[in-house]
Amino acid sequence: MLSRSAIRSASRSVVAANLVRSMNRVARPALVVAGRRFASAKAQPTEVSSILEERIRGVSEESNLNETGRVLAVGDGIARVFGLNNVQAEELVEFSSGVKGMALNLEPGQVGIVLFGSDRLVKEGEVVKRTGKIVDVGVGPELLGRVVDALGNPIDGKGPINASGRSRAQVKAPGILPRRSVHEPVQTGLKSVDALVPIGRGQRELIIGDRQTGKTAVALDTILNQKRWNNGTDESKKLYCVYVAVGQKRSTVAQLVQTLEQHDALKYSIIVAATASEAAPLQYIAPFTAAAIGEWFRDNGRHALIIYDDLSKQAVAYRQLSLLLRRPPGREAYPGDVFYLHSRLLERAAKMSEKNGGGSLTALPVIETQGGDVSAYIPTNVISITDGQIFLEAELFYKGIRPAINVGLSVSRVGSAAQVKALKQVAGSLKLFLAQYREVAAFAQFGSDLDASTKQTLARGERLTQLLKQNQYSPLAAEEQVPLIYAGVNGYLDNIDISRIAEFETKFLAYLKANHDEIVSAIREKGELSKELLATLKSATESFVATF
């Protein structure tokens, strides 16, 4: 007879054998499938990187991986490079194919580089070397009248530019002590801007609105209006203009250059173009390049105006770069530092103190909204950074009110201190009249029985709105704006038919220049109206209206 222990061990071996058989029935097919999958599976990108790293290590032990590197992967304007251990953030690097790039991501084991050119020319395994330079551009008066790309290279076919100096594209903005408050005017030549939303030298004034509402037209008219001072010899009155086109069509940029040439305004302007067909890194760096060019004038005691058209496209380009470099996305998929991107750019606009040369750089950034939504991420960011905004509305544009500036939503936080005194004297109540008109007009459409004062408010508001209309490429000097606004605010247009307001403007200005030139010349030279001149202007306006 078998002992109890022998029976127990025999039963255990039987159970174990059955368990092995059942496991084999389940596990063998799974192992076979897994084996087949493993045989047919593609290597992951990280595995490819590690394989390439091992191979590079094998052949490049003697070469110095601190100063050079090799391309692991390239695509979408981004190159991932193994090596370059000593590379600095935002350093310029050069590929053996001749393409240049900027080190934007410094990661353990590899460097993320954005390419300033076509990624088709860059091949896997290609050698990359440090240049020891941060991205810099040529600066100086030699750039005036030229069109350059995002890296400062000429693209207008007029030959090379022998710039007198070079400056880094990204530098720290001036501190608090070297600055002084805004106190000198930047005259745009637009009645609705100069009278209601005045801009000063060193200010940042945002131009915001939907597509095709005339944002670029406002900026372009401002450039054209500087011709009257830039043709003179007084350097303190000149305002040099830098226009940067980000993500725009090449045809649009060509048309803009042609317009400036036709109006003899290109000679005091510099165009920086990073068009829609350019790589995202170039659209990202172009505004910084333009800021460096404008800063040369600011730091040499001169005055410059810079127009960023537009920063929403720069933000989109930066979002593309950040996502491709696998930086964590935030609101609307923009990276967390997109606010810093725009703040460090716009803070470079400043009015310097006399001790620091007294120069200035004025910024007019442009932001395109979608469906009038100013509460989106980028518009709210830039509104909070700037010193005010000019808000353009599609609804006003389609009504024929051009420039389509919404006077109620537009504001200038620091410009009133810089406004031409004569304009401030006559335009003080203009904003109030227009606000009352908008309020009354909203209710007037519901009822026909209106009292006399309401009818007068409506009549004056309609005429003031008509008076603020202006044709493109026809900016007005302050001495021309003051008499017109004076006539409108003081009710001299109330009995003139709306269809004849434009005719009144032309004939009234001609009448003043012919018969009362002392008013025009006093505003031009002194910028303000004395009591005697105000009385003369009043009698001149009354006598002209009586015969009109």
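Just so it is clear, glycine is given a Cβ too, placed from its N, Cα and C backbone atoms.
Quick look at what Swiss-Prot lists:
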type	residues	note
BINDING	Gly209, Asp210, Arg211, Gln212, Thr213, Gly214, Lys215, Thr216	ATP binding site
SITE	Ser410	site 'Required for activity'
Distance [Cα-Cα, Å, rounded] between Asp210 (ATP binding site) and Ser410 (site 'Required for activity'): 15
Site of maximum Cβ density within 10 Å, from binding-site residues Gly209, Gly214: Gly209
Of Gln212, Thr213, Thr216, Ser410 (the recorded positions), the residue whose Cβ has the fewest other Cβ atoms within 10 Å: Gln212
Cα separation, Ser410 (site 'Required for activity') to Thr213 (ATP binding site) (Å, whole number): 15
CB contacts for Lys215 (ATP binding site) [other CB atoms within 10 A, all chains]: 26
Around the Cβ of Asp210 (ATP binding site), the count of other Cβ atoms that are within 10 Å: 18
Where Gly209 (ATP binding site) sits in the secondary structure, as DSSP reduces it to three classes: strand
Close in space, distant in sequence - Arg211 (ATP binding site), Cβ under 8 Å, 6 or more apart: Glu368
Three-state secondary structure, Ser410 (site 'Required for activity') (per DSSP): coil
Distance from Ser410 (site 'Required for activity') back to Gly214 (ATP binding site), taken between C-alpha atoms, in Å: 15
Separation of alpha carbons, Ser410 (site 'Required for activity') and Gly209 (ATP binding site) (Å): 11
Gly209, Asp210, Arg211, Gln212, Thr213, Gly214, Lys215, Thr216 excluded, remaining Cβ within 8 Å of their centroid (ATP): Glu368, Leu392, Ala394, Phe397, Ala404
Residue pair Ser410 (site 'Required for activity'), Lys215 (ATP binding site) - Cα distance, angstrom, rounded: 13
